[in-house]
Amino acid sequence: MDIVCTENFGNLSMSSLIQLRQDGRGLYEKEAGAGEGTAAELLNWTSGPRNLSNLTSEGGPSAPDKNWLALLTALVIVLTIAGNILVIMAVLLEKKLQNATNYFLMSLAIADMLLGFLVMPPSMLNILYDYEWPLHRKLCAVWIYLDVLFSTASIMHLCAISLDRYIAIRNPIHHSRFNSRQKAFTKIIAVWTISVGISMPVPVFGLQDDSKVFTQENCSLSDEYFILVGSFVSFFIPLVIMVVTYFLTIRSLQKEATLCFNDLGAKSKLALFSFLPQSSLSSEKLFQRSLNKELAPYGRRTMQSITNEQKASKVLGIVFFLFVVMWCPFFITNVLAVICKDACNEHIIGELLKVFVWIGYLSSAVNPLVYTLFNKTYRSAFARYIQCRYKEEKKPLQLILVNTIPALAYNSSQMQLDRMKSLKKDAKMMANDYSMVTIGIPRLDTASKASLSPPKEKDSCV
């Protein structure tokens, strides 16, 4: 940089003072202004933060770099807003998705959508203006407050989802399906209340004394005590709760599946009977087949519910993992900036925070993509909404009339029914000729008169 030095400022005009700058691409000429002026006016002009940065800053991004940054951040903003709007619509319109967990996900989508509407655009302007706050000074505290609020709400929602699912699996009676919507909305209100309470000190102290959030034309939180305490209260403590309860949930589901398998195996052994055939084993096969047919739906229903819980836990686990991976770098760096303030390089810490905060913002855009990839209901709903079809098309009922069936097919079906009745009658007659002995129970004289019936009670492994 070429510096013009002179001793006689009083007799010089402002138009005659020219600042030249060499940045590797050529010489740029910056004229201070037109007309006459004093040296004091010149010094006032050059001492302004914006003008001084124009004259002396060499580390800021160039115009092409700013264009690429603006394009990338705008893409993240659009994906965040559009994706979370689709999630909100899916939970509101799809009856299959209207349960406690998805209500939490809808509230989480609202927080992420508001983050995309109210927080990301000013942050993008911050990048374009070289992190010199382009809006009114009072809006700085409001912007930081909204940033802390929605980021805290996101981690609180995930923590509440993990805790709620663990309680539901451990105590299914207390976590009944009745009034689940009312309970879910009550918990959601509690999550938002906690988030507002944690972030409220920012506007309270920031609006009274803007030096805590606005320093040297830069809008950033500078209260070290709030940074340290807020990071632990709003991120690290909920993170520990979320991770611990999630792994406890997975462990409970595995134990439940094992107990269910063992329970079904024990009941099938007690229910099966051994027959002493005199001429054939056809009656035994028929009885075992009918008994397995009776027990199979019960086992499928129970294992199906456990399988559904495991699939849901897998999707939520991916959401938790991505959130932790994307926000941990920012909060760890934020705490290090306070703890090792003197030992750490302040410039490097500041540059890392600028990058890490946008990686954290990106997590708000990723969640809808996770639902799309791993949940069929969300995927089909999103596809219909993009095509402006907001209601699921119902398949028409196929009415089959007897008089429309050809005579040959009708006679064939009647023959099959008659054959089934005949086989059933023969099996019943053959069963009366055999002696039945229950495993572990002495032989009964009146066994030939006993009726074959499956167990009356069905135990649940939930």
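Counting begins at 1 with the first residue displayed.
Each residue, glycine too, has its Cβ placed from N, Cα and C.
What TrEMBL records for this protein:
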| type | residues | note |
| --- | --- | --- |
| TRANSMEM | 68-91 | transmembrane segment |
| DOMAIN | 83-371 | domain 'G-protein coupled receptors family 1 profile' |
| TRANSMEM | 103-122 | transmembrane segment |
| TRANSMEM | 142-163 | transmembrane segment |
| TRANSMEM | 184-205 | transmembrane segment |
| TRANSMEM | 225-248 | transmembrane segment |
| TRANSMEM | 315-339 | transmembrane segment |
| TRANSMEM | 355-374 | transmembrane segment |
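By the Cβ criterion (distance under 8 Å, sequence gap of 6 or more), the transmembrane segment (225-248) is not counted as touching the transmembrane segment (103-122), fewer than 3 such pairs being found. Of the Cβ pairs linking the transmembrane segment (103-122) with the transmembrane segment (315-339) and spaced 6 or more residues apart, fewer than 3 are under 8 Å, so the two regions do not touch. Restricting the average to the domain 'G-protein coupled receptors family 1 profile' (83-371) gives a pLDDT of 82. The stretches the transmembrane segment (142-163) and the transmembrane segment (315-339) are in mutual contact, each linked to the other by at least three Cβ pairs under 8 Å (pairs 6 or more apart in sequence). Sequence-distant contacts of the transmembrane segment (315-339) (same chain, six or more residues past either end, CB-CB distance under 8 Å): 101, 151, 154-155, 158, 161-162, 165, 224, 227-228, 231, 235-236, 239, 242-243, 246, 250, 346, 349, 352-353, 356-357, 359-360, 362-363, 366-367, 370-371, 374-375.
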